[in-house]
Amino acid sequence: MAKKFPTAFTILFILIAVVAALTWVIPAGQFDRAYNEAIGHEAPVAGTYKEVEPSPQGLLAILMAPIGGLYDPATKTANAVDIAVFVLVIGGFLGVVTKTGAIDARIGALLNALKGREIWMVPILMTAFAAGGTSYGMAEESLAFYTIVLPVFIRAGYDALTGVAVIMLGAGIGTLGSTFNAFATVIASNAAGVPFTEGLLLRVFILTVCLAAGILFVMRYAMRVRDDPESSIVAAQREENIGHFLKGAGKGAALPELNRARGIILALFGLTFVTMLYGVVALDWWMGEMSALFLGMAILTWLVGKIDDSTRMDEHAFVDTFLNGARDLLGVALIIGVARGIVVVMDAGKITDTILHTLAGSLAGLGNVLFINTMLFFQMILSFLVPSSSGLAVLTMPILAPLST
């Protein structure tokens, strides 16, 4: 029997324990912080680092870290609980839309339209997800699409991993080449005191080249899997994935009819994401407003479904469906708190600024090429510890940007 790889929860708890152990070794220290007008947040002030009284973190701190990742008991303020609630509401919304059969009906219509040309879904969808990544750093928002995209690819003869790659690589590559991402590029540029348009052409080039490479990679893998299903990396889970994403029906099973009610529901579904994108980019929305949007659209979907027997649900069925959908993403919501717990322990142990100060010191005096590559490496390391692009920008750029001059 093959050994199973530890779950993400276990890996993150191990990281929390490792970081807690480091608080006993790494000297505690802090930068002074002041409100930064350019980014609208408090930020570290360069040149103000000083060592402070150590605050080593023990077993209780490790156990409290996931709770602190969601909600700070000391200050009674939210950390990542707004993101967790958003994920649960998305799950409920998807559960309601899926129950009406609208998604399955659209899948059937799409596959009929693309008969023999299903592979072109890869570049079309990856480009769409990359647009979300490059404009606002699409991450948690992409969760809504997994239950839609994966069944499409499985029914088309590909595997679940193809659908995952389309979403994750598409959105990830878009975020990698953040051309005008307000939550990464713009915040970091403002903190560094440079226009966010500086380096725009380079970011467009990075986005274009990486997206093209990603699309070719996924298309090549997808075609290989379609020709030989056993070559799939997840071939052993093929039947399990069909049972989960297609509810046990094979790829040739009949799909619901795309009737008037389902057509309206699909239009509302698309409108929901257009509204979300507009709200985030133009109205400064964040998790609270987006959660309210998805909750409202779930209710509206239920009401619209009443116009046809095939999509109608009574109040009890609607609530049960919403809760079951939220339950499907409960693990995702909880792991967000566990991941945020890493930086909670670092901050409580007062080693975050020490690590940043040490990194900044090692960058001073380096030549241009070495400086750029070393800073990129350091940012990669820090991104594992600070699971927020805007948070990482606020933390690091006020200290590291002056070194680049």
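Note that Cβ sites are derived from N, Cα and C of the backbone, with glycine treated the same way.
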>> Of the ranges 117-140, 165-188, which one does TrEMBL flag as transmembrane segment?
In response: 165-188
>> In TrEMBL, one of 51-69, 355-373 is tagged transmembrane segment. Which stretch would that be?
In response: 355-373
> Are the transmembrane segment (264-286) and the transmembrane segment (292-308) close, by which I mean at least 3 Cβ pairs under 8 Å that are 6+ residues apart in sequence?
Replying inline: yes
>> Checking distant contacts: for the transmembrane segment (355-373), what same-chain residues at least six beyond its ends satisfy Cβ-Cβ under 8 A?
In response: 26, 29, 31, 44, 49, 346, 382, 395-396, 399-400, 403-404
>> Need a quick answer: max count of Cβ pairs under 8 Å to the transmembrane segment (329-349), which of 7-26, 80-98, 200-219 is it?
In response: 7-26
>> At a C-beta cut-off of under 8 Å, are there same-chain residues at least 6 beyond the transmembrane segment (380-401) that contact it? List them, or none.
In response: 19, 31, 36, 39, 41, 43-46, 137, 175, 178, 181, 183-184, 187-188, 191-193, 339-340, 342-343, 346, 352, 355-357, 359-360, 363
> Apart from its near flanks, which chain residues at least 6 from the ends of the transmembrane segment (165-188) lie with a Cβ under 8 angstroms of it?
Replying inline: 39, 121-122, 125-139, 142, 145-146, 149, 153, 196, 200, 203-204, 206-208, 210-211, 214, 217-218, 221, 280-281, 389-390, 393-394, 397
